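Heads up, the thing below is written out as structure tokens.
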Amino acid sequence: MMSKLGVLLTICLLLFPLTAVSLDGDQPADLPELRAQDFAPERSPWFDPVRRCCSQDCRVCIPCCPY
């Protein structure tokens, strides 16, 4: 029974390696279009200089202020 379990585990690891699991869930999303434009949030009309974040339209302006 244990050898069957070992074979099954080996097959599963070969078909779905642990490196395929993304472990960077706490990282912010990569926005290449903003990086390519040399985006500076300080020049955005939604940027709040006091809080150092964007108050509106978080799709365009980063970092977004918490509510």
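Each residue's number is its place along the chain shown, starting with 1.
Just so it is clear, glycine is given a Cβ too, placed from its N, Cα and C backbone atoms.
These figures come from a predicted structure and were not determined experimentally.
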Disulfide-linked residue for CYS58, taking Swiss-Prot as the record, within CYS53, CYS61, CYS64: CYS64
Among CYS54, CYS65, cysteine joined to CYS61 by disulfide in Swiss-Prot: CYS54
CYS65 - recorded disulfide partner, Swiss-Prot, among CYS12, CYS53: CYS53
Between CYS64 (disulfide bond) and CYS53 (disulfide bond), the C-alpha gap once rounded to whole angstrom: 5
Residue pair CYS54 (disulfide bond), CYS65 (disulfide bond) - Cα distance, angstrom, rounded: 5
